[in-house]
Amino acid sequence: MGKTQKKNSKGRLDRYYYLAKEKGYRARSSFKIIQINEKFGHFLEKSKVVIDLCAAPGSWCQVASKLCPVNSLIIGVDIVPMKPMPNVITFQSDITTEDCRSRLRGYMKTWKADTVLHDGAPNVGLGWAQDAFTQSHLTLQALKLAVENLVVNGTFVTKIFRSKDYNKLIWVFQQLFEKVEATKPPASRNVSAEIFVVCKGFKAPKKLDPRLLDPKEVFEELPDGPQNMEAKIYNPEKKVRKRQGYEEGDHLLYHECSVLDFVKSEDPITVLGEMNKFTVEQDDPEWKILKRLKQTTNEFMACIEDLKVLGKKDFKMLLKWRKASRDILGLDKDEDKGDIEIEPLNEEEQIEKELRDLQEKQKQKQKREKRRKNEEKQKELTRMQMNMLTPTDIGIEAANIGRDSLFNLKTAEKTGILDKLAKGKKRVIFTEDEIAQDNDLHIDENIVIRDRHDMNEVDDLEGELNAMYQDYKNRKAERDANFRAKQARGGDVEDEWTGFEGTKDSEDENNEPKDYIESDDSELSDEDDDEAINQLISKLKSQNNGSKLSSQAKALFSNPLFENVQPILQSKTDDVVDSESVGDATKISNKRSYNEMKKEDLSDSSDEDSSSESDFEIVANDESDGDIDSDYDSDEERKRTTKEKYDKDIDIATVEAMTLAHQLALGQRSKHDLVDEGFNRYAFRDTENLPEWFLEEEKQHSKVNRPITKEAVMALKEKMKALNARPIKKVAEARARKKMRAVKRLEKIKKKAGLINDDSDKSEKDKAEEIAKLMRKVTKKQKTKPKVTLVVAHGKNKGLSGRPKGIKGKYKMVDGVLKNEQRALKRIAKKHHKKKK
């Protein structure tokens with residue numbers, strides 16, 4: 001017979017066994033506590049007092065003496081004797097006895113343990129159920145000893161075995177510790193049923209319920225509750241087979257009963273779940289009555305033959321049939337109850353009843369308020385977690401205005417809802433004669449007055465369309481990079497800007513709406529409300545009399561910085577703006593404003609009609625004044641500066657612009673022709689008060705289609721080709737850095753060559769050789785490794801010994817899988833910028 005191979009004590013002689021021998025530990029279990037300590041925050045390094053229960057042979061004590069601080073107290077106890085260890089106190093005792101407790105107190109005196117370790121297991125071999133209970137009982141005794149000696153926020157590490165008492169022990173741990181985690185370190189064998197539980201943050205309760213540490217209470221087996229038959233009826237397809245044997249006194253799997261018993265039973269769900277079949281007694285008079293029911297169909301008779309194959313729909317049909325049967329048989333009729341006489345309450349009882357009702361209502365109100373606040377806090381937490389940091393105080397304050405106090409205009413202004421109130425409906429309506437009498441206006445009777453409500457609806461609709469279009473643009477900009485680039489190049493088309501402030505007369509004629517409705521807040525007598533009303537009226541007037549600016553321009557110039565700025569002159573042109581006229585207008589306005597400033601500064605001047613020349617004769621010019629006039633001493637210099645400025649900004653980027661440039665350069669067109677082309681059907685297009693989405697859509701159709709030439713297209717292509725041929729910024733920077741390094745190396749060599757040349761002790765031949773040696777270092781090319789050719793070993797190369805045909809240089813025989821792996825490794829190394837060794 002052949003010799004059998006030794007199994008190494010069922011696999012116990014693994015790598016941790018040999019590592020323990022190399023490190024000098026007494027058992028391989030030392031690596032378990034090392035791995036647990038590293039995983040859970042190095043608690044041994046912070047422990048000055050450590051108790052090791054069931055410590056034999058002492059490997060955990062060895063690890064503790066190595067990792068704990070110097071002069072730490074380490075105590076090891078076991079029922080079997082142990083060899084002594086340095087810096088460790090060991091004694092022999094049973095941890096379940098009082099002798100062990102007294103000896104521990106004698107060694108520790110007034111100290112408390114920072115960490116308690118337990119890696120014990122009882123003697124097994126009686127029976128599986130007995131062994132599992134004994135192991136859990138030993139763990140509970142170790143916990144009892146740890147609770148007596150642990151410090152607050154201490155740590156308890158114990159070994160526990162998988163059994164039906166595992167969850168009970170975990171529940172006990174959770175009552176005594178802040179954090180309980182189960183782990184299985186790599187040093188623990190997979191075939192072993194052991195699990196290590198790390199309990200951190202000992203609560204150290206002042207009064208401890210003795211039932212938590214009583215094995216009879218902790219491991220008590222509770223009777224099973226009633227079987228859930230509803231799951232069988234309403235989810236018959238989800239059947240979980242539990243192989244737990246027969247019930248007490250019931251040794252059959254097949255059960256049947258009469259269908260009348262099912263009708264008369266108080267718990268029909270249980271009957272449907274337990275029975276396999278309903279039998280029918282044809283001679284029973286009650287069945288003869290139920291047989292004539294319209295629900296008693298052939299399908300019903302087929303269903304009661306085998307209840308275990310029915311589905312949810314069939315069970316519902318049986319329950320409906322039972323309800324109809326009970327109605328016919330009169331089983332659901334309520335028994336006649338006698339009239340209950342209610343004694344009238346006296347005055348004291350009535351008062352007490354009302355007080356109880358009021359208290360109950362108050363409690364309900366407080367409960368609702370508390371629930372509302374909790375919901376708001378929860379929403380706020382969720383909003384903060386999702387990084388939705390938009391302030392919501394305005395909405396909350398506005399929601400609480402009508403709840404806690406009366407309406408107040410001052411409060412409305414503080415909360416920021418004054419604008420919304422200004423746009424709301426008014427109640428007091430005045431006639432046209434009253435408005436004309438107050439404002440000294442003449443109103444034509446033939447004017448058709450539109451309904452204010454309809455106008456508000458139209459305004460709201462336009463606002464919604466504009467908001468939706470803006471959202472559409474934002475979403476498109478997020479998705480499409482070309483659209484973002486187009487917006488950045490062209491920008492948004494703004495309305496025409498006529499200055500910082502418009503003339504009052506034109507504003508009154510053009511922008512003042514005919515409002516025939518006024519507010520009913522005139523009866524308010526409070527000073528704060530009067531002040532707020534005046535502010536509201538002035539704000540509305542400023543909004544109605546605003547200049548023709550876009551929303552962005554209004555937001556910019558509403559800054560207090562622009563309050564004292566005077567309006568400038570600006571001529572309205574459509575396509576072509578004459579730079580000379582703009583420059584003249586700017587020059588005139590600057591000089592005029594400067595003269596006015598000089599007039600205000602002259603306090604001793606009595607003649608108000610004096611010209612600007614007299615002002616200059618009276619007041620001496622400063623250096624800054626001379627700078628103002630010297631900026632535009634020469635019109636030619638100003639024109640040249642303006643031309644240079646605009647020449648820098650011009651970029652011919654379209655075919656139309658290139659065609660126009662060619663025509664201007666060849667003399668085919670003149671400046672006068674360009675001015676004439678500026679007057680076309682689209683030049684005076686009325687875009688005022690039109691929505692942005694409409695203008696964007698019409699923009700592509702509201703322009704002149706200019707002809708292009710083949711030469712312009714080719715010239716633009718050559719220009720773009722030259723631009724595309726340029727390297728990217730990173731490549732250009734890399735080349736520049738490389739060139740700079742080469743220049744620096746050359747400068748160093750020049751300095752060294754100069755030093756060598758100045759050395760008088762060397763001959764000219766030696767100098768030339770050393771300089772040539774330096775130059776060779778600079779011009780030396782880096783050696784490149786020869787490329788290895790990969791040859792796939794299949795077909796004619798399969799099993800080939802020697803060099804394959806047609807392969808020169810170094811080669812490597814690989815199969816298909818290895819080739820793919822090598823390529824993948826190269827891709828990974830290239831991706832992470834690592835050199836493969």
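The backbone N, Cα and C atoms fix where each Cβ goes, and this holds for glycine too.
Database features, via Swiss-Prot:
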- GLY58, TRP60, ASP78, ASP94, ASP119: S-adenosyl-L-methionine binding site (BINDING)
- LYS159: active site, proton acceptor (ACT_SITE)
- 345-390: coiled coil (COILED)
- 359-381: region 'Disordered' (REGION)
- 372-381: compositional bias 'Basic and acidic residues' (COMPBIAS)
- 483-529: region 'Disordered' (REGION)
- 518-529: compositional bias 'Acidic residues' (COMPBIAS)
- 573-644: region 'Disordered' (REGION)
- 593-602: compositional bias 'Basic and acidic residues' (COMPBIAS)
- 603-635: compositional bias 'Acidic residues' (COMPBIAS)
- 779-808: region 'Disordered' (REGION)
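Projection of Swiss-Prot feature records onto the structure.
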| residue | record | contacts (Cβ under 8 Å, 6+ apart) |
| --- | --- | --- |
| GLY58 | S-adenosyl-L-methionine binding site | ARG26, ASP52, GLY76, MET82, LYS83, MET85, VAL88, THR90 |
| TRP60 | S-adenosyl-L-methionine binding site | SER29, SER30, ILE33, ASP52, GLY76, LEU117, ASP119 |
| ASP78 | S-adenosyl-L-methionine binding site | LEU53, CYS54, ALA55, ALA56, THR90, GLN92, SER93, GLY120 |
| ASP94 | S-adenosyl-L-methionine binding site | ILE79, CYS100 |
| LYS159 | active site, proton acceptor | HIS118, ASP119, GLY120, ALA121, THR139, GLU194, ILE195, PHE196, VAL197 |
Task: Helix, strand and coil counts within the region 'Disordered' (359-381) (DSSP) - done: 23 helix, 0 strand, 0 coil
Open item on the list: Based on the record's binding annotation for S-adenosyl-L-methionine (GLY58, TRP60, ASP78, ASP94, ASP119), what whole-number value in Å is the widest Cα to Cα distance?
Closed with: 18
Open item on the list: Counting by DSSP secondary structure, give me helix, strand and coil numbers for the region 'Disordered' (779-808).
Closed with: 4 helix, 4 strand, 22 coil
Task: Count of other CB atoms lying within 10 Å of the CB belonging to ASP119 (S-adenosyl-L-methionine binding site) - done: 21
Open item on the list: Mean pLDDT across the coiled coil (345-390), rounded to an integer, is what?
Closed with: 87
